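What follows is a set of notes on a single structure, which appears directly below.
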Amino acid sequence: MGGKQDGDEASGKPAKYDPTFRGPIRNRSCTDIICCVLFLVFILGYIVVGIVAWVYGDPRQVLYPRNSTGAYCGVGANEDKPYLLYFNIFSCILATNVIVVAENGLQCPTSQVCVSSCPQDAWTVEAKQLFQKVGEVFYMADRNFCLPGVPWDMPVTQSLQQELCPGFLLPSTPALGRCLPLANSTPPELPGIPSNTSISHGISGVLDSLSARDITVKIFEDVAQSWHWILVALGVALVLSLLFILLLRLVAGPLVLVLILGVLGVLAYGIYHCWEEYRVLRDKGASINQLGITTNLGAYRNVQETWLAALIVLAVLEGILLLLLIFLRQRICIAIALLKEASKAVGQMMSTLFYPLVTFVLLLICIVYWAMTALYLATSGQPQYVLWVANASLPGCEKVQMNTSCDPMAQPVNSSCPGLRCVFQSYSSTGLVQRSLFNLQIYGVLGLFWTINWVLALGQCVLAGAFASFYWAFHKPRDIPTFPLSSAFIRTLRYHTGSLAFGALILTLVQIAQVILEYIDSKLRGAQNPVARCIMCCFKCCLWCLEKFIKFLNRNAYIMIAIYGKNFCVSAKNAFMLLMRNIVRVVVLDKVTDLLLLFGKLLVVGGVGVLSFFFFTGRIQGLGRDFENPSLNYYWLPIMISILGAYVIASGFFSVFGMCVDTLFLCFLEDLERNDGSLDRPYYMPKSLLKILGRKNEAFPGDKKKKKK
């Protein structure tokens, strides 16, 4: 007896009977108030960071290119000129590499002008045109590529010396808002451009984006052609997911039996195959003594000992599985009964199946807010302008101090230095926001993880409250609340925001530690230090296990919070102790549920994938003109979108079902400890579970007669 008492004390004391308990309690108070206040203050600070980023940030510098004066192309006065043209693209190539140019916002030491369209043909200023007027060579020939304000009567020679007009044009294609020459373009023979310079040599990395742009256009075309059929495929996935959950009430037992027999059959076939391979190799005399030790692992397939070892392993697994089925048959029956009851609960509260849409919207808000805040923070800073001239060796430019600050609104007028202008250089990084940019970005990342985990916790707690109200309704469906989901949502937000924030914060800290380890690991990979890699792998493995355990503990803690309204620590402790007192049932139910939901996901995703493949490849004939498959560039694109969407839909539906199973299971364990089946303490579980357990209830849930007082 002493050992049993010690075991009970180690796993906590069973729940005691409470005559006033009728499911999720209504008279509850706020929990984890300190963490609630901390979370609200953090959210307020997160909003302030967003406001600061919005005030000081300018995402247009990422979305739109700038010309030499710092004006955006495609915005404001340049609204009809969305592309940026470099007068001498080779100055970018010769000055530095393309990576540095990209880091500097693709700014090059050459004049840049916004144009309405990129040049289509190659052209170079001829010798006879040098003494003509700008209007004759450029404007009349529809070459509107000079800087704004260049006079009509200015000599072409002067405009080229001051780099007010381009000396040559190359066939270009717009990419990233910039006119970049085609890879097969031939560079002109001009001073300052070596004969061995090629377009692809200097900007090959940038030009690779041209083909990516073509692919992007084709992808958009395919989506535009097939979006309505993709919606049909997603509708099929939704119907299949819904039918699978609702039919579990009828086929949960046979389906689990088929899955178990399937696993046994696969192991049995593996044993048979290994025996056949072993017998053939044994007759040939192929032994490991003849092969010896080798690093060629494929050679071990041709020795009898390999197949003998595989046969023994599979036979042991088959035997263990058969023994588990024999000794755990009652618990497997309990798991099947709970799956049926979960399907019944979902059928009674169909609105719970669509709650993942609420979670999806909230998650989308969190991600979009973080992305916009990070973008605005990254683009914060005031633009800086400096004096610049195309040719500093011209007479009169020696005394001008280049790269000094200037005002772009008051372009410098210096007759001694022709072509002197005030051009955009970069964005300042010396302001208060810029000095705190790293800390603000870290704050944003922490806010992203914390808010996402809080939204997921909110969904779990709300669903747990709704399904718990179903289980603890003595007369079903009469005693089920009218609006169980909305009631649980309001109750959770009002009383347990702090508890959800507490659990989400613990998980967030672990995930942040994982991100830091991944960053450190990426920095240490180049060192090729086996000891460091081994230590890092151990740390990552430990954090991964810790994350899985915290998610499991939080999930069950939220269920207890939804039912009893206690704080996070007490709920987590009670849930953990309750599960430890029923550890075998927990393992069996978890594995049976995982196997069943995996089969359901494969069924939904596989069915939608097969139907999409046959339809978009035109292999389904006789559907009529209205149901013909669209003509596509990449037929696999709508298929992949349909499969991904089907997986997301199935995961959303089955996550609700999984939460329902876990909630009913904890309620079932509490029911066993609280009640004994008497008139005063009747069980709330259905008759199927009572029959499996061999117990009786003097007042069955669902009976028309009322319970005697």
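We count from 1, first residue shown onward.
Cβ atoms here come from the backbone N, Cα and C positions, even for glycine.
Per TrEMBL, the feature transmembrane segment maps to 33-56 (among others).
Summarising the annotation, TrEMBL assigns transmembrane segment to 227-248 (among others).
Annotation comment: TrEMBL describes 255-272 (among others) as transmembrane segment.
Residues 260, 263-264, 267-268, 270-271, 274-275, 277-278, 281, 584, 588 of the same chain lie 6 or more positions beyond the ends of the transmembrane segment (307-328) yet place their CB under 8 Å from a CB of it. Annotated transmembrane segment per TrEMBL: 307-328 (among others), in sequence order.
What TrEMBL lists as transmembrane segment is 349-372 (among others). Within its own chain, the transmembrane segment (349-372) has Cβ neighbours under 8 Å at 50, 53, 59, 242, 245, 444-445, 447-448, 451-452, 455-456, 458-459, 462-463, 466-467, 470, 480, 484-485, 652-653, 655-656, 660, counting only residues six or more beyond its boundaries.
Using a Cβ-Cβ cut-off under 8 Å and counting only residues 6 or more beyond its ends in the same chain, the transmembrane segment (448-474) has close neighbours at 21-24, 39, 42-43, 46, 341-342, 345, 348-349, 352, 355-356, 358-359, 362-363, 366-367, 370, 480-481, 484-485, 487-489, 491-493, 496, 500-501, 503-505, 507-508, 511-512, 554-555, 558-559, 561-563, 656, 659-660, 662-664, 667-668, 671, 682, 684, 701, 707. What TrEMBL lists as transmembrane segment is 448-474 (among others).
Residues or ranges marked as transmembrane segment in TrEMBL: 495-517 (among others).
The annotation transmembrane segment is assigned in TrEMBL to 557-580 (among others).
Taken from TrEMBL, the feature transmembrane segment covers 592-616 (among others).
Taking Cβ pairs closer than 8 Å, the transmembrane segment (636-669) reaches residues 219, 222-223, 226, 229-230, 233-234, 236-238, 240-242, 245, 248, 338-339, 341-343, 345-346, 352-353, 355-357, 360, 460, 463-464, 467-468, 470-472, 555-556, 559-560, 562-563, 575, 578-579, 581-582, 585-586, 589, 593, 597, 600-601, 604-605, 608-609, 612-613, 616, 684-685, 689 in its own chain, all 6 or more past its ends. Per TrEMBL, transmembrane segment is recorded for 636-669 (among others).
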Original post:
So what's near the transmembrane segment (495-517) in sequence-distant terms, Cβ-Cβ under 8 Å and 6+ beyond its ends?
Top reply: 28-40, 445-446, 449-450, 453-454, 456-458, 461, 536, 539-540, 543-544, 546-547, 550-551, 554, 557-558, 561-562, 565, 567-569, 571-572
Subject >> Contact check, the transmembrane segment (227-248) vs the transmembrane segment (557-580), 3+ Cβ pairs under 8 Å, seq sep 6+ >> reply: no
Original post:
What same-chain residues lie close to the transmembrane segment (255-272): Cβ under 8 Å, and 6 or more beyond its ends?
Top reply: 248, 310-311, 314-315, 317-318, 321-322, 325, 332, 335-336, 339, 592, 595-596, 599
